[in-house]
Amino acid sequence: MSGSKSCARLQGVLLQQLLDSVDSILFDCDGVIWRGDQVIPGAPQVINLLKQHGKRVFFLTNNSTKTRRMYADKMSTLGFDVTEQEVFGTAYGCAVFLQTACGLQGQKVFLMGSQAMRQELETVGIQQTGVGPDHVSGGPGDWANVPLDPEVKAVVVGFDQDFSYMKLNRALQYLIQKDCLFVGTNRDTRLPLEGGRAVPGTGCLLQAVETAAQRQAQTVGKPSPFMFDCLASQFGVERERCLMVGDRLDTDILLGSNCGLKTLLTLTGVSTLEDVAGHEESGCAERRRMVPDFYVESIADLLPALQG
Amino acid sequence: MAGAFSFKGCQKIRGPQIRSLLEAKDFFLFDCDGVIWHGENAITGAAKVVNALVRHGKNVVFVTNNSTRPRENYVHKFSRLGFADVMLEQIFSSSYCSALYLRDVVKICGQVFVIGCEGLRRELQEAGIPCLEETDDPDATIYDCALAADVKAVLVGHDDKLTFLKLAKASCYLKDPDCLFLATDNDPWHPLSSGRILPGCGSLMAALEVASGRKATVIGKPSRFMFECISSQFKGLEPAQCLMVGDRLETDMLFGFNCGLDTMLTLTGVSQMEDAQEYRNSDLSTNHSLVPDYVVDTIADFLPAFEELEEESN
């Protein structure tokens, strides 16, 4: 579609029309339905009412610290009516990618990531080495000569609180081998917490490894279409009748644009209307793809069309 | 303006050409790793070359991005490896220059959060720069850690004890736009004498740039600052008098180019002739800045020129 893309506030008639035009709605999690452990007020009601109105609801998150099961449990605790199969996090997405696209079922990887990632890998029959703390000992000569597991076929990077120089070094030593694959969960620069605090995201760790190894990783998370493609093929989702709801222009909205979905920005997270205006006025085609179709202050703004 | 030698232009030079260079230049800047030594082993002939340069009245300084050791360590190392009388004042490391930057350029009033080795902290302390104490608070987590007030700069160097917590703290401090963001160097990896490599400061700096959304000011090569430190110490120094000798195109040669110095690549280290030729043949004109003016197999190739000079004076 040519011409300028204006991001409209979603309310009233426009809201009703949009809801009537979609069958499936994908929600990002951090900054959209919750912040850390605090639910966005009204979010559970929105999700539950959408389902009652016959819409299919899915969750698409770049956060690799939980398994699908852990997400479903967290959501239930917070009042969302959700099943495990409806959640697509990058721990799960990465395991599926390594299994299907990389053919590593029955093989082993070096994992710089969470226990959740380890569990999702085990579920698809992929073993790992490396998860957990890794403290430095010895000197530089020892580090360059760390024993490498000959069965390791890939270096996999996700959010890792135990990130250290030693882990970075191990990843580098594996990646020097040209036939070692290199996969990351996502490039988000920060992981948002409650109250607006944030910690460095997986993107930082991935950048460290990529710089040391002078190699680029393939990434699984938004804006890569991989997890959407998994979801779409598992559930038969029609792109033209699908809405992506997110708080980040460079992941959620860009994913939506790239996959031909309608896009809705909520302002309870990372991106602002100033960011939108910046992209809109940029004149750069790539940036224009980060301009959402609609925005709301919070997803609670959908309630008027769902209640009564 | 640097002398117009017809043999200039990414090619290996030998005896008579080296001799012309030796006669034309007064000031020789040497990188260390891969140029002067490999780990604990001096490059064969390197000590003779340096001693001969000094004997012939040339100035010699050593310019290294290695931030892990205080300069005193280098003085002892030179002595151990047979280099006569190399003094502290001839050694310019990225950690020493980071301290100078904070003390003399920034004139910092406040503390520095340091991600780096003991060697870096020593140089800062010797320059009187207050560094945040490295506390190992066992209760600190990434979600809830104490931040000091009055942190006016974050300095990233090589840190084998890097943790996620340090990254998180640094990115908190960097939220304040008045807090400076410095890096000793941006080398992505370092070679060891065994031929293996280790992650360099550049990889840690990249993580923090992504975390903070800010770009670091790089003190070490290829940034000009270390040459400014050298010029401040050696008054009246002109770029045209200098020859920069290094083994890494992306740091040493680019540094020389940025400072207006003639550059010489020695093939005893990281970069190879093919790498230099690739940059020379590149369509990207910025890559041409990495191409050396002269190439030698080893700095020991200077020795025949000295022998000739000495024969003539006898």
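The chain as shown is numbered from 1 upward.
From the backbone N, Cα and C atoms, a Cβ is placed for every residue, glycine too.
TrEMBL annotations: computationally assigned, not manually curated.
In the three-state DSSP classification, B:ASP31 (Mg(2+) binding site) falls within coil. Long-range Cβ proximity for B:ASP31 (Mg(2+) binding site), meaning a same-chain Cβ under 8 A and a gap of 6 or more residues, is found for B:PHE62, B:VAL63, B:THR64, B:LYS221, B:VAL245, B:GLY246, B:ASP247, B:ARG248, B:THR251, B:ASP252, B:GLY269. According to TrEMBL, the Mg(2+) binding site annotation covers B:ASP31, B:ASP33, B:ASP247.
Marked as active site, nucleophile by TrEMBL: B:ASP31.
Sequence annotations record features per position, and here TrEMBL assigns active site, proton donor to B:ASP33. Here the Cβ of B:ASP33 (Mg(2+) binding site) has 20 other Cβ atoms within 10 Å, regardless of which shown protein chain they belong to.
The substrate binding site annotation in TrEMBL covers B:HIS190, B:LYS221. Every protein chain shown contributes to the tally, and the Cβ of B:HIS190 (substrate binding site) ends up with 24 other Cβ atoms within 10 Å. In the three-state DSSP classification, B:HIS190 (substrate binding site) falls within a strand.
Summary: among the binding-site residues (B:LYS221, B:ASP247), the fewest other C-beta atoms within 10 A of the C-beta are counted at B:ASP247. Between the CA atoms of B:ASP33 (Mg(2+) binding site) and B:HIS190 (substrate binding site) there is a gap of 9 Å.
Cβ proximity to the Mg(2+) site centre (mean Cβ of B:ASP31, B:ASP33, B:ASP247, cutoff 8 Å) flags the following additional same-chain residues: B:CYS32, B:GLY34, B:VAL35, B:ILE36, B:THR64, B:GLY246, B:ARG248, B:ASP252, B:THR266, B:GLY269, B:VAL270.
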